[in-house]
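Contents: one structure, followed by commentary.
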C-alpha cells in the first residue's frame with residue numbers, strides 16, 4: 001500500500017495577549033527573596049508570574065489542558081499549589097517552574113486550597129462537595145471529609161489545634177476534628193451561601209461573609225483548656241458523636257451551649273455583625289498575614305478595608321468612651337464632681353473592628369490579595385474583570401488613609417475580546433483589534449510594539465508596504481493608522497451601519513468593504529497632500545458602490561480579480577463580475593447566514609462557513625456544491641485558506657480550530673486550547689503560523705512543524721485519548737464494606753493509576769515465570785550433574801541483571817506516591833498472595849521499609865476478609881507480623897537517633913551564634929571607640 005497523502009502538523013506555540021483569567025485568583029508570591037513585588041495569576045491553563053515593578057512576565061508555570069481555578073502559595077514561599085477545572089491539584093516549584101507533584105482526587109473543579117501553618121498539609125475543596133487533606137511531603141492523600149451538600153467555598157487550618165473549618169454554598173460552616181476525621185460541629189446561623197471565611201484575633205473569632213451585606217462575627221471558646229483534665233481520653237471520644245448540630249433558636253437567638261458532647265472541643269456564639277457598603281454578595285473575604293487587616297469585595301469595583309484592633313487599642317477606645325459617657329451623665333444630672341455616677345458602656349463589635357478605607361478600582365474586581373509591607377503600609381493587588389492587574393498601597397495607620405495606585409499591568413493585553421486579527425506581509429507583525437484599542441505584536445518575541453486607541457473594530461488589514469493599517473468599525477467608519485508614529489491619519493464615514501468585512505484587491509491598489517447598510521463599496525488608495533507637512537500621505541477614495549437587497553456580512557475578491565463574492569443575511573452567497581458588477585452566481589444551501597468565507601489561491605474553490613455549523617465547499621466555475629461538512633458543534637465564526645494550498649482552517653464557537661482538506665473533504669486536525677468561543681483567526685502569508693483570538697481574552701499562536709501528520713495515525717490517537725477519558729469516568733472501584741459511589745480514599749481512578757496497576761501485574765507475572773524457570777534450571781542441572789547456563793530475561797538485563805524480586809521492588813518504587821493507593825485498589829486479588837510473600841522478603845532485607853509497610857497495610861485494609869479466610873496466607877501473615885514489628889522499630893530508632901543528633905547540632909549552633917553575637921557586639925564597640933578617638937585627634941589638630 002502506498003503512503004497516503006501527508007500533511008504537516010500545526011502545534012500550539014504560545015499564549016499571549018492575556019494578563020490574567022477570570023476563573024482563578026491572584027496571589028502575591030515570594031521570588032528571589034522579595035515579597036510584594038511578584039504576583040501569580042491564572043492564565044487559562046498556565047500560571048503567569050508578573051513583576052509589578054517592571055510590568056513584565058518573568059515566569060510561566062506550564063499547565064496541561066484544564067483551566068486554572070485556584071492558586072495558593074506555600075508558607076515558605078518556595079511552592080505554589082494550583083487547582084484545575086478537572087479537580088486535579090499540582091504543586092509547582094517557584095525556583096525551577098516545574099510541577100513535580102500531582103494530586104487527583106476530586107471529580108469537579110477546585111474551589112479552594114489552603115496550606116497549614118508549616119506547609120506540610122494541603123486542604124483542597126471542590127465543587128464535588130468534598131474536602132481532601134493531602135500530605136505534601138509524602139505526596140499522598142490523607143483523608144477525604146464528606147458532609148457538605150454543595151460546593152466548598154473556603155477551608156482553613158487552625159494554627160494551634162488539629163482542626164479544620166470549612167464553609168460551603170449549602171449555607172453551612174463545619175468544624176472538623178482532624179485526629180478522628182469527623183465533623184464535630186455544624187454552624188447553621190446563615191440563611192444564604194457562605195462565600196468567605198477568616199479567622200482573626202488569635203483564632204478566637206471567626207468572620208463569615210454571605211450573600212447579604214453583613215459580615216457576621218462569631219466568638220470561639222476552646223473549652224478543652226478550661227475543662228477538668230483528669231477525665232480519660234477514650235471516654236471523651238466515645239461520647240462525641242459526629243455531625244451533631246448546634247441548636248439555634250434563630251439567627252440571633254441564644255445557643256444551647258455545654259449541652260451537647262461536641263462542645264467539649266469548642267463552642268461558637270454570634271458576636272454581632274459589621275455592615276458592608278456593598279449590597280450584593282461577598283465575592284472574596286480575606287485577612288493579611290498579620291491578621292490585622294480584613295478586606296472584602298462584592299461584585300462591584302470597591303474593596304472595603306477594615307482594621308482589627310488589638311486588646312490594648314480596644315481598651316483605650318473603651319476608656320475614652322467611658323470618659324465621654326461620664327461627662328455627659330454629669331452634665332445631664334447637673335450634679336457636681338463629688339458624686340460618683342454608675343455608668344455602663346457596652347462594648348460592641350464596631351469598637352473592635354474599625355473601617356479603614358475603600359479602594360475603588362478602575363473595573364470590577366475578580367480577586368485580590370493583601371500584603372503588609374515592613375514600613376507599615378498595606379499593598380493590595382487586584383485582578384480585574386477586563387484583563388488588568390492593579391496594585392494599590394494604603395497607609396493603614398494614618399488617621400485618614402488614602403489609597404494610591406502604584407502600578408498596573410495593561411500593555412500585555414486588550415481590555416475586551418479581540419474581534420479581528422491580521423498578519424503583515426513579512427509574517428513578523430500581528431495586528432489585533434478590540435473594542436477600544438489596536439495592538440501590534442512582534443510574532444517572534446510576542447511583545448506588544450504599538451498600542452493605538454480606536455473605535456469598536458470588526459475587520460482589519462495591513463496596507464501593502466506594512467507601514468499603515470486600516471480597520472473597519474461597528475459604526476461603519478474606516479480608520480487609517482500610521483504604524484511608525486502610531487497616529488490616526490484619517491477617519492472616513494464608509495457605511496451607515498456596521499462595517500462587517502473588508503477584502504484587499506489582488507493587485508493591492510484598493511479594497512472592497514461590505515456593511516450593514518446593504519451596500520458594497522469599492523475603494524482605491526491614493527496619495528494626498530498632508531496639511532501638516534510638505535510630504536504626501538496615504539488616503540483612500542471611494543470609486544463605486546454596489547447596492548443590494550440584504551445586509552452584507554462578508555466580502556471576498558477572487559485572486560484573478562474578476563469575481564467578487566458577497567455573503568448576505570438571506571443565507572446566500574452572491575457572486576458578481578467586478579468589471580461590470582453584473583450578477584454571476586448564487587450559492588444557495590445554508591440554513592443560516594454565512595458568517596465567513598474565503599476563495600482559494602487559484603480561484604477554483606470557495607469555502608463558506610455558516611451559523612448552521614456547516615462548511616460548504618463550492619466550485620467557482622459553475623457554483624456547484626462539492627461537499628457539505630458538519631464542521632463544528634456551534635456557529636463557524638471564521639474561515640481562512642492556507643496560502644498556496646487547498647487546505648483551510650475554520651474557527652468555531654465550540655472553542656475548537658479545525659484544519660480541512662478541500663480536495664479530499666477530510667478533517668485533518670483539531671487545534672484545542674481555547675477555553676471559550678473562538679472569534680477569529682489569521683493565517684500568515686507563508687502559511688507557517690496561525691494566530692487565533694477567543695472570548696477567554698487570550699491570543700494563541702500555532703506553528704507549522706516539519707512533522708508529517710498521517711490521518712490514520714491521527715484517528716488512532718484520537719480513539720486512544722477518548723478511551724483514556726472514559727477510564728476516568730468509569731465507576732470507581734468499591735471496597736468491601738463501603739457503598740458504591742462512596743469513596744473514603746483520597747485518590748480517584750485515572751489512566752495513570754490503571755497503567756501503574758498493569759505494571760505491577762506484569763512484574764508479578766514476570767516474577768512467577770522466572771521463579772518457575774529457576775526451578776526447572778535447578779532440575780536440569782541436577783540431572784546433568786553440571787552447571788548449565790541460565791538464559792537471562794532481557795527486561796532484567798536492562799535493569800542491570802537484577803533478580804526477579806528486585807525487579808518487582810523497582811516497579812513499586814517507580815509508582816508516584818500520590819497514585820500508589822489507587823493502583824493497589826484496582827489490582828486483582830489473585831496477585832496479592834505473591835505480593836505479600838515478596839513483601840516479607842523485602843522487609844527481612846530491610847529495603848524501603850516505609851514504602852513496603854505503606855503498601856502492606858493498605859492491602860490488608862482492603863482485602864482483609866479474603867486474606868484472613870485464606871489458610872495458605874496465615875503463615876505468611878505471621879512471618880510478616882514478626883519481621884514488620886522488628887524492622888519498623890529499627891527504623892524508628894534510627895529516626896529517633898537522627899532527631900536527637902539534629903537537636904544537639906541546633907543547640908550547638910545557637911550557642912555558637914550567641915558567642916558570635918557577643919563577639920560582634922564587642923568588635924563594633926571597639927570600632928566605635930577607635931573612630932571616636934580618630935575624630936577627637938582630628939579636632940585637636942584643627943584647633
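Don't overthink the numbers, they just go from 1 along the chain as shown.
Quick reminder: no glycine exception, Cβ is built from N, Cα and C everywhere.
Curation plays no part in TrEMBL annotations; they are all automatic predictions.
As the structure is a computational prediction, the values presented were derived from the model and not from experiment.
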Quick test of your reading of TrEMBL: among 194-215, 216-237, 238-259, 260-281, where does it put region 'Disordered'?
238-259
Confidence summary for the repeat 'WD' (629-670), mean pLDDT rounded
95
So what's near the repeat 'WD' (103-144) in sequence-distant terms, Cβ-Cβ under 8 Å and 6+ beyond its ends?
69-72, 74-76, 79, 81, 83-91, 150-157, 159, 164, 166, 168, 170, 176, 178, 181, 743-748, 750, 752-753, 816-822
Near the repeat 'WD' (411-451), which same-chain residues lie under 8 Å Cβ to Cβ, leaving out any that are not at least 6 residues past its ends?
14, 16-19, 55, 57, 363, 386-388, 457-462, 464, 466, 469, 471, 481, 483, 486, 679-686, 688-689, 691-695, 697, 699, 701
Apart from its near flanks, which chain residues at least 6 from the ends of the repeat 'WD' (187-228) lie with a Cβ under 8 angstroms of it?
150, 153-154, 156, 158-161, 165-175, 245-246, 248, 251, 258, 263-287, 291, 294, 296, 308, 349, 352-353
So, by DSSP, how many helix, strand and coil residues make up the repeat 'WD' (587-628)?
0 helix, 23 strand, 19 coil
Tertiary contacts of the repeat 'WD' (587-628), as residues 6+ beyond its ends and Cβ separation under 8 Å:
553-554, 556-560, 562-563, 565, 567-575, 634-641, 643-646, 648, 650, 652, 660, 662, 665
Could you give me three numbers for the repeat 'WD' (187-228), the DSSP helix, strand and coil residue counts?
3 helix, 20 strand, 19 coil
Composition by DSSP (helix, strand, coil) of residues within the repeat 'WD' (103-144)
0 helix, 24 strand, 18 coil
